[in-house]
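Enquirer: This structure is in structure tokens; I'll ask about it shortly.
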Amino acid sequence: MTKKLSLELRQTRKPIQTACGFCHEKHLQCDVGRPCQNCRKRNIASFCRDKVKRRRKRKRSDASNFDKDEAATQTLNFNTVNPGEGSSSAMTQDEKNTGTTTATTTRTTTNFRSESKASSSTENISRAMKDPADTIIANSLLDKPTIGDTDDTGWGFGSIWTNDEYMTLNDLTSFASESMPNQLGPIEEQRSPRRTLGEPLARRYDSSQPFQYLNFGSKLHKTDSRPYISLEQPGNVPSIPAFTMNKGSNDEDASPQQKESQQMQLWQQQASQLQQQASQLQQQASQLQQQRTQQNEPVSEWTPFQLRLLIKTPKDLFDKKNLVKPHNYRKAYKDLLECLHKMFLGSYYRRQNGRWRPVSDDEDQMRRRLMRKEQLQHIAKSIGELYMPKFVALTSNMIEEDLLLQELVLQRSLLELENMSKLVNCTPICIWRRSGEICFVSNEFCSLTGFYKREILDQRRFIVEFMDHQSVVSYYDLFHEHLAFGPKDSTRTILNKDQAVYTECNLLLNNGSYLKCACCLTARRDAFNISLLLMGQFLPIFDVQ
């Protein structure tokens with residue numbers, strides 16, 4: 001710490017013109033000697049140098065100074081030429097020529113500076129418009145207006161530099177909006193007038209334009225925090241106009257104006273088709289809502305496809321929560337048993353005179369029929385012994401409001417999982433209830449299996465319908481042991497703690513064959529530790545031969 005000086009020493013010391021670099025940085029009193037005493041005491045005498053001062057930047061008030069010089073010159077000339085004041089001698093011819101030359105030079109210099117400034121600004125703006133992406137370089141090239149360079153136009157902002165930057169961005173984005181029309185909304189040509197130097201700023205720039213550079217093309221629709229985006233199914237992709245399919249030498253010979261007009265027509269047709277499809281879906285949703293409301297049918301009886309037409313966001317769910325009723329799991333399990341019976345024994349039995357009879361008495365058929373019957377009994381036994389007792393114990397004290405809350409939580413979780421599936425859109429995903437009813441399939445799952453999304457979601461379908469017999473047996477063993485109510489042994493594996501199980505299964509394809517896949521099963525539970533939703537992520541396994 002620097003030692004404080006006495007009052008006498010401070011009074012005798014006088015400031016010097018230039019201090020050394022060390023004393024200047026440490027705010028010490030330096031002396032005129034080099035090296036100074038402070039540097040000698042610290043053994044840094046070899047580094048003692050005068051502090052190099054920065055040159056002061058001149059204020060750019062040349063225009064006002066030129067105006068003052070011009071006014072002073074004109075006043076001097078007027079006072080010299082006027083013969084009615086005093087007895088001073090007349091100006092000589094050389095002095096007149098000199099005064100005239102000075103005034104002319106001043107005016108010429110002022111005009112030249114203003115013209116060069118306007119031309120450089122125009123060149124920079126045009127250069128930036130040619131390359132809309134390089135906006136930062138374009139903004140840095142613009143000349144900053146001087147302090148005294150003002151006109152009689154009204155500025156939209158308090159800062160002239162900010163104003164100039166916003167106007168440049170507006171010009172760039174207006175140019176970009178003409179070259180990149182928006183395909184999400186109606187195609188409209190937005191031709192914004194170019195900024196001219198002679199046009200008053202108040203007229204060409206209003207209070208709503210500073211943020212106009214954020215809009216490219218037509219205005220985008222405001223999306224929710226979880227927008228429901230449904231990709232087109234196979235076979236429902238809008239058709240491409242015929243003239244785009246017949247591209248030949250005519251396109252090469254066409255002028256840029258013709259190509260632009262053809263592209264605009266293509267965009268307009270695609271936009272109109274998308275609008276028609278959106279309006280049709282909206283009409284279907286409104287008609288469906290009216291019919292269901294008149295019939296007082298709860299949301300739980302709707303198919304997942306119909307439900308998603310009505311409820312697309314969490315806000316829609318809570319706005320229409322009066323339509324949500326507890327799910328009828330009794331009917332769901334009844335349909336599941338019928339589905340399993342048809343899947344395992346449907347091809348081996350037929351109904352005759354109200355009774356089920358074997359289709360064939362062949363030994364091979366009998367052996368297969370017996371194996372399928374044992375597999376079905378194993379599934380029923382695991383449901384009765386591992387699942388039903390715990391489920392009854394956990395739900396015995398639940399009231400109707402608890403079931404309603406459970407369904408609301410399920411629908412809200414389903415929206416969240418659907419949103420998550422759009423972030424990992426490279427993995428085929430299927431989501432179903434604990435009863436096996438499918439609630440959601442991703443587009444990748446449809447591409448993997450070959451089924452249409454509406455074919456799966458527009459009716460009650462179970463996940464077991466898309467597996468082979470052995471995969472169904474393995475699924476129920478894993479579900480009852482690890483996923484239904486959590487693992488029996490909490491210290492088993494980390495995967496079980498994360499409520500996820502990895503296994504293999506065979507997925508049914510649209511052509512009737514099966515594809516071997518690696519499967520990750522994840523359970524989403526409620527406050528009663530009951531699984532609400534199960535999500536399966538499937539990746540195909542290709543055997544290397």
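Glycine residues also receive a Cβ, built from the backbone N, Cα and C atoms like all the rest.
As annotated in Swiss-Prot:
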DNA_BIND  20-48  DNA-binding region
COMPBIAS  51-60  compositional bias 'Basic residues'
REGION    51-131  region 'Disordered'
COMPBIAS  61-71  compositional bias 'Basic and acidic residues'
COMPBIAS  72-92  compositional bias 'Polar residues'
COMPBIAS  98-110  compositional bias 'Low complexity'
COMPBIAS  111-125  compositional bias 'Polar residues'
REGION    228-270  region 'Disordered'
COMPBIAS  257-270  compositional bias 'Low complexity'
DOMAIN    416-486  domain 'PAS'
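Have a look at these and tell me how they're positioned relative to everything else.
Expert: Within the model, the DNA-binding region (20-48) shows a mean pLDDT value of 89, rounded to a whole number.
DSSP places the residues of the compositional bias 'Low complexity' (257-270) in helix, strand and coil in these numbers: 14 helix, 0 strand, 0 coil.
Sorting the domain 'PAS' (416-486) by DSSP state (H, G, I as helix; E, B as strand; all else coil) yields 39 helix, 12 strand, 20 coil.
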